[in-house]
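Let me begin by presenting the structure, written as structure tokens, before commenting on it.
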Amino acid sequence: MYGRYTQDLGTFAKDEAARLRLQQEHGEGGTPRPRRPSKLLEYTQGRCAPCRVCALQCQRFLISKVGEDWVFLILLGLVMALVSWAMDFAIATCLQAQKWMYGGLDTNVLLQYLAWVTYPTVLITFSAGFTQILAPQAVGSGIPEMKTILRGVVLKEYLTLKTFVAKVIGLTCALGSGMPLGKEGPFVHIASMCAALLSRFLSLFGGIYENEARNIEMLAAACAVGVGCCFAAPIGGVLFSIEVTSTFFAVRNYWRGFFAATFSAFIFRVLAVWNKDEETITALFKTRFRLDFPFDLQELPAFAVIGIASGFGGALFVYLNRKIVQFMRRQKTINRFLMKKRLLFPALVTLLISTLTFPPGFGQFMAGQLTQKDTLVTLFDNQTWAKEGLNDEFEYLGILEAWRHPRSNVFVTLVVFILMKFWMSALATTIPVPCGAFMPVFVIGAAFGRLVGESMAAWFPDGIHTNSNTYRIVPGGYAVVGAAALSGAVTHTVSTAVIVFELTGQISHILPVMIAVILANAVAQSLQPSLYDSIIRIKKLPYLPELGWGHHEKYNVRVEDIMVRDIHYVTLNCKYRDLQHVLHSTKMKSLPLVESAESMILLGSIERAQVGALLCHQLSPQRRLQALRQKALAEDGHRLSDASIRFQISTEASSGAPARAAPRKPLKPALKRDPSCPRGPRRSPRGAKAWRGAGGNAPPALGAGRVGAFAGCVPSRCPTACPPLQILEWEEQQLDQLVDFSSAKIDPAPFQLVEHTSLHKTHTIFSLLGLDHAYVTSIGRLVGMVSLKELRKAIEGSLTAKGVKVRPPLASFRDSTTSAGEPDTTALRQLWDRHQHHPMPREASPGCNDDDDTPK
């Protein structure tokens, strides 16, 4: 049956295409159309005719090739490489200016302190103010929002040119201040905005870039470019972008991400060589660990300890960051004060952090004068700083001098650095400026790994003896392991290991890094969500949480345990008054269409905008005037005069009645206001129940003005104005008529689940297809609905406030082998026999013959 249907459909498509092509050639009337003159005719005359023709053909060829993927990806990589290099140059200039100001005032400590504190405060305040004025959407990391966008949610004004300018300038000032902030997350957002802007530009050459699915694919590639050009790590950038932005990844986008990220990283490093910052293309933080014996197997327990400790540290960082934001929001007094003084909070935080990092002050115990790049360079150093716990056998040269203090050893400095930078970074990432948290966490992890490595070097000063050979311990390798482990724990990713290898240029510690990253992820995922998922929850973005560690009890939960049973619906034989009641009672953007309130057979779904359009059309002034004209003809026997019609129109205008119906508006995205949302009172009449739906007993009419307001076509009427009695009687008659669904667009196959669908399978379907709701049916009957809200509550509600696990009552003592019994089968056959010939309202399609039953 299916093969015959497919063959007939293909034959019909070919015949229809041939017919349309023949119709275009001969015109509508059957007369042949005159052939258009060739566009090359004017170029075929003169001496340079061949050159002109060749140039025009080359131009057409290039324009046609602009729409291809590789051209778009090359342009994206080139633009992002230029942006990244320009921003790094500006940031380095700002940091160098701060050092110059600090070094030029070495004769006066007070002036040094003022310069050290004022410079970052001014930059952060400018960044916060500029971003708030130009585009508040540029605040923060950007990865949580991109994770939401790639799921299909449209965020208003998030991928515009204005947001791009605010993000670039604000991030440059924020990183140039020297605060413990990162740039990886913002670069993902910047690359996504570049891709969106390039798509709009290239849509002038080819309409394929106007396709929504195509834009989603390019945004997925742009996320990889953002990480790739940030660290010159194309492989790790692609893997990291997949892990943090996608639940399910389309393999067809794999080559796009690698191609664009590799090209972007190559141009980024070539620009560094061109600017004479590097002699050749090398890693950003190149290490020189020994390759013949990088580590001993007896050191693996120490690496495992780093991974486990990093897991606890990453969960604590996410928890601390979320608690700081929640504290600021829950304190109403502080919140109102900071809303009025928006620039005060970032200025105070910057003042506090810069005061604590002042080098002659407390900053001397935590290498406060080093930037993040210099800190990583020193932490990845392959020399041992301490011998037997003392620092007198190693000569600190250059920037390594910042870690040396005459009154304490390197262990105290590292411990103070870790503790202070930990809460400073958690606090700084809450500032309303464009910033990320990857780099601060990366540096803290490197410092923790260095601390463990220095401890091992002090414990085994001569190294670990293996087969009469002695190899000294390399603390820099421990720093690499710690950086990958802590950053992986905070972001819940494993690709940080690959990023570390590309950053350092060596893979000698691949086994310890992988062990530590996996252990850190295992611990962190069982305690806290990732930093990006935590931000999604704080911002209340419509995203579905993951079924991760500790959710094994969810595999026995079914849809019937979490679905909403009391839902609003529309029946096929309902009246317009019932539609009015449904619009009053619910805010759902899509309403289920059932056969009747008794059978509850699901026939399809209808959008809320379509329901409003049906009401608009039924109560439109044109139909009202037509009804009045017909009534007058029936009573008087002659046609109404023009004067009486004008008098009727003026009467309606003076009473505030709707003048005309507005055109239908398309359904807006989920985060935008629904055009058919009620603007008047939204409460249903007292005593009305939601489950009675649009087919039950509806409340009395609420007046024509409110009907128009619910339909979204005209503004609501002033309560003091009373409509004429004739208009009110006519509207009451219209509301009592049956709804004609022939002109409405009905989805005949909305997504459905059965009652016994598991929560795990439901989560997979919602994530894979990007659904926001699904109807639950039982042998064709509508029994409930599941939306993102219910699914999110079911996943996140495994633990109550008291720590007791909640288990639905129907989720226990089930037999997974039970199947449909004989009563269900009998009921299903009866329903099929009764409703197999039931007419389903569908939109009429042109060119179809109603008498022909052949499938096409």
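From the backbone N, Cα and C atoms, a Cβ is placed for every residue, glycine too.
According to TrEMBL, the transmembrane segment annotation covers 70-92, 113-135, 187-206, 218-242, 254-274, 300-322, 343-362, 438-460, 480-503. Residues annotated as region 'Disordered' in TrEMBL: 652-697, 831-856.
For the transmembrane segment (113-135), the partner stretch with the highest count of Cβ pairs under 8 angstroms, out of 187-206, 218-242, 254-274, 343-362, 438-460, is 343-362. Touching of the transmembrane segment (70-92) and the transmembrane segment (254-274) is concluded from the presence of at least three CB pairs under 8 A, sequence neighbours closer than 6 excluded. When the stretches 218-242, 343-362, 480-503 are ranked by Cβ pairs under 8 Å to the transmembrane segment (300-322), first place goes to 480-503. Sequence-distant contacts of the transmembrane segment (480-503) (same chain, at least 6 residues past either end, Cβ-Cβ under 8 Å): 227, 231-237, 239-240, 242-244, 283-285, 287, 303, 306-307, 310-311, 313-315, 317-318, 376, 379-380, 437-438, 441-450, 452, 509-510, 512-514, 516-521, 523-525, 529-533, 548. Away from its own ends, the transmembrane segment (438-460) comes close to residues 180-185, 299, 302, 305-306, 309-310, 313-314, 317, 372, 375-376, 379-380, 384-389, 410-411, 414-415, 417-418, 421-422, 425, 428-429, 472-487, 490-491 of its chain (Cβ-Cβ under 8 Å, at least six residues beyond either end).
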